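First comes the structure, then the notes that go with it.
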């Protein structure tokens, strides 16, 4: 019987419910259990694909092409699982499917209501995640905060789950905040008590409390919280601010969280103890890096940390492999000009230009890429970064001064980057990009092939609408650009590189989405190796 863990949050947002869910998932996975991660987002958008990065942060992409919440990236990296369309559900998706069923007549003329139709659909999504992944445990994070109007149907649905699948198969984990008042020099438990009271008022009794705090929570306060919330004191866990994400699951294990979960849900795990030896080695490495490598990220959304979270995580993963701390300096692409590029990049050891949409900042990207190419600074381009690297090469090496991307200039004569053929008649924006996992054939003797340890074929995740214009392939190759990765049908350019440079590689896909702390993605591994000048130092 599949077990279900629902992670909710109270008091304030951004408490780290996703990290809590991921940490529990990692511990259970390391006990030999198959874990499926799931995120419910209360917003009415179908998915975050059309949302401004400043509104939502990064859009994560799964193997099957789902555009999803960035928390799925945390799940994949921390738990080391692959997510799918069953892993991210929004209010928009729920209502869309309910209304489609109503239009088909599936409700036989009945009045469609939040209860039972919307709540039944939410429960169906939870159950479907279990069925389609054949999993032992589904861990579902409920976005938002207890008491939010938008979260109400989700809370009602997970309340009903306990009755429908049995209380022995459902566990509610509530993450809450214990603030420290510096003036009074004490922690306050009242917000937690009120949050649990609100949760209980809608019929959910939490089985475990995770107390987020910047200070250790004294035992007498845990006893008090237990008294007011009816949560056994042994099931009250503290989660302190940590210097590294790797600390969180280790702290949970020390507090016996995984054992409490398997005991509560009556799970007979294949391993009696979670094997966290490799995780501890990663934690030690992350805290005691010997070297430093400075990387400059030139992008469109640099003011928001979450906009490039997978990219920066992937850089750090590669840094662990070389025992080097990666110091990422982010520069707004719009701020870069021919006059200041030398000053802005004078101390960098590597340049990365990640993905994005629209025309803002393109000139700054091109200027920075030109400087990196001419001064042999290791460069990695991703998606839009690859497209701008191609435009830069056309303008400054092939001397096609009007070269551009059709996204920036639709009527451009030398459109080096063109709209994909199957996108020309596309009227909708949402969910219509080239999305998901696609193969690429790697050319022998290239840096790209070396990055992937000699593999002939790789599978990587994509999110784009434009592609390299194949009519320029021959001219590019004659001028020194190598097409080191091509789709199996030889149509779509996946990777370009200048092989005689220290490292100048750009990919149409998003390599950051498949990076893991203990397995850095190939292009990031090659990029940081070239930028740092260090040898691999395995931990």
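Glycine residues also receive a Cβ, built from the backbone N, Cα and C atoms like all the rest.
When the candidates 64, 69, 71 are compared with the ATP site entry in Swiss-Prot, which names 14, 15, 16, 17, 18, 19, the shared residue is 71. Put simply, residue 141 (Mg(2+) binding site) is 13 Å from residue 14 (ATP binding site) when counted between their Cα atoms. Around residue 188 (CTP binding site), the same-chain residues six or more apart in sequence whose CB sits under 8 Å from its CB are 178, 179, 180, 181, listed in sequence order. When averaged over the domain 'Glutamine amidotransferase type-1' (294-537), pLDDT in the model lands at 94. Of all the binding-site residues listed (16, 18), 16 has the fewest other CB atoms within 10 A of its CB. Secondary structure from DSSP puts residue 16 (ATP binding site) in coil. Cα separation, residue 141 (Mg(2+) binding site) to residue 224 (CTP binding site), rounded: 27 Å. In sequence order, 7, 8, 9, 141, 142, 143, 175 are the residues near residue 17 (ATP binding site), counting only same-chain partners six or more apart with C-beta under 8 A.
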